[in-house]
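**Q** Have a look at this one.
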Amino acid sequence: MAGGIWVYAENQNGKFKKVTFEMLGAGRQLADQLGEELCAVVIGHGVGELAATLGEYGADKVYVVDSPELARYTTDGYMLALSKLAREHQPAVIFLGYTVQGRDLAAHVAQRLGTGLCTDCTGVNIEDGQIVFTRPIYAGKAFVEAVFAEARPVMATIRPNALPAAEFQPGRKAQVIESSATFGAGDIRQVVREIVCQASGRPELTEADIIVSGGRGMKSAENFKILEELADVLGAAVGASRAAVDAGYVPHSMQVGQTGKTVSPQLYIACGISGAIQHLAGMSSSKVIVAINKDPEANIFKVADYGIVGDLFEIVPLLTQEFKKLLGKK
Amino acid sequence: MKIVVLAKQTFDTEAKITLDSQEKINREGVNLIMNPYDEFAVEEALRVKEKHGGKVTVVSLGEAKAQDILRQALAMGADKAVHIVVDELEETDEYTTATILAKALSGIEYDLILAGWRAIDDGSAQVAGRVAEILGLPMVNMVIKLEVETGKAVASREIEGGYEVLEVPLPAVVTAQKGLNEPRYPTMKGIMQAKKKPMQKLTLADLSLATQEVAPKVRARKYFLPTPRVQGKIITGEPAEAAATLVRLLREEAKVI
């Protein structure tokens, strides 16, 4: 038996990213099928107490690397910590989230360990004794199934919202293994000068269950307020099409599409979005798509499960009212 | 300041994807462009050069047509292009690409390496990181603002819910995120000048690399297209009525609320 199926448990301000639990779900199945242990890795400072949660989500073993130098994420610090741990314990598989941090870390660790990396995977299966990863390419316009021939560990980043989360089993315990990390001068070359959070209180686009998105039809930055009101009733994130970003209505961090974020929410509400192929590429894996547009010929209606042909400035506030009624909010 | 930009030729963002008779991605008739994120990298390199002086070299690994994007970079103002042609490789992955690029870079002087944070085709976002790792350079990913000073760079990078400002010593690898700048269009004069600029061609043999040294770690075994979505219901009626119907259907039929 090799050194287990590993999940990098990304945490921010004492909370795990949702994709951590989704990776533990997929990891549990692999571990059971391959007769491996499911292990989670937590890196940071003062993060020891987070380990218990990972046991409750199915981890058999939790490696904790705790050091003051790891209080903030840096590519060098986390890369050194994770690759050292992997060299010591020789995992069969390492999963990370396809998040800002996960993909940065994964590329460096994969190269350090001289192995391959499948990125942004939406499926993990075992066929003929091999792990087969499914991942979208061309922003979801096509898919590829990929396998690792001999390279080990098998490394992959997993798209948030793509796989079901592990079952929560209160009180279930994992074996916790504390691991050290010591750094020499010059080991960590990125110096964090400042972190600026523009927290809106809304969920991340890539993690959100519901997204309310606006396009060129929004006509101005101010008009996005009506989408925000709807989003706040639904606990949704607010996104935008490239046209709305290029017109300067909203920042690029809100862009959904081939040159923006790829999203897979349960519900995507597209307002004033025509449905350019570059936008559809980023959101067509949404479970349910709603389109509101004045133009009955708009492409977005061809992919929408539900459409309303009409003026979004009239429809969206009405929707907000209806959802408030339904959800019992004032 | 000697700056190297890594650039990739990709399908146009509007391209429709189909499979060919071998069930691989069909490249016939597809409009090819410079990966949009690499265009930000080229633009940033030119801005750094304009401010600090120096030289910009653009490097691309790809088939014969990839020289089009190198010509584009030269026309924008880059000084030199290096085209690595690896027609003999049947299969590649990011390990392959990074190994070859890093080998090519070891023959070039640089203070700064710029690249797009990901390519819009495979979306893998790992080649620049791997190159940094092979060359032993610090890296800053997804940069939306870059200031280069003597011996160091200060970069703002996008993180979830905001951004962070990092300082790294040079030489370093920096990847560009949309928002970093607005890429310029090549001028007619630039296009004419580009024809006289050097375009070096390199092969695996020139880089003293054997095919087995760059064998991929990950192999594609099957490509497929997504099941097309079918058009659903158009909800008609007065706006208030339509809104109420939609909310009811989302709860009762789609069960997503």
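For all residues, glycine too, the Cβ spot is worked out from N, Cα and C.
Remember, predicted model here, so these are calculated numbers, not experimental data.
Not my notes, these are from TrEMBL:
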BINDING   A:R216, A:241-242, A:255-259, A:272-279, A:N293  FAD binding site
DOMAIN    A:5-194  domain 'Electron transfer flavoprotein alpha/beta-subunit N-terminal'
**Q** Sequence order please: the binding-site residues A:Q258, A:I273, A:H279 that have their Cβ under 8 Å from a chain B Cβ, otherwise just none.
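**A** Cβ contacts with chain B under 8 Å: A:Q258.
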**Q** Using DSSP with the three-state reduction, classify A:I273 (FAD binding site) as helix, strand or coil.
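**A** Reduced to three states, the DSSP call for A:I273 (FAD binding site) is coil.
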**Q** Would you say which of the binding-site residues A:I273, A:A276 has the most Cβ atoms within 10 Å of its own Cβ?
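**A** That would be A:I273, with the highest Cβ count within 10 Å.
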**Q** Return one of helix, strand or coil for A:H279 (FAD binding site), based on DSSP.
**A** helix
**Q** Within the chain of A:H279 (FAD binding site), which residues six or more apart in sequence place their C-beta under 8 angstroms from its C-beta?
**A** A:G215, A:S241, A:R242, A:V256, A:G257, A:Q258, A:I273
**Q** Give the three-state DSSP assignment (helix, strand or coil) for A:Q255 (FAD binding site).
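**A** The three-state answer is strand.
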**Q** Give me the mean pLDDT over the domain 'Electron transfer flavoprotein alpha/beta-subunit N-terminal' (A:5-194), rounded to a whole number.
**A** 96
**Q** Reduced to three states, what secondary structure does DSSP give A:R216 (FAD binding site)?
**A** helix
**Q** Can you give me the same-chain residues 6 or more apart in sequence from A:Q255 (FAD binding site) with a CB-CB distance under 8 Å?
**A** A:G239, A:A240, A:S241, A:R242, A:V245, A:K261
**Q** Can you check which residues sit near A:R216 (FAD binding site), meaning Cβ under 8 Å from its Cβ, same chain, 6 or more apart in sequence, and list them in order?
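**A** Non-local contacts for A:R216 (FAD binding site): A:S241, A:A243, A:A244, A:A247, A:G272, A:I273, A:S274.
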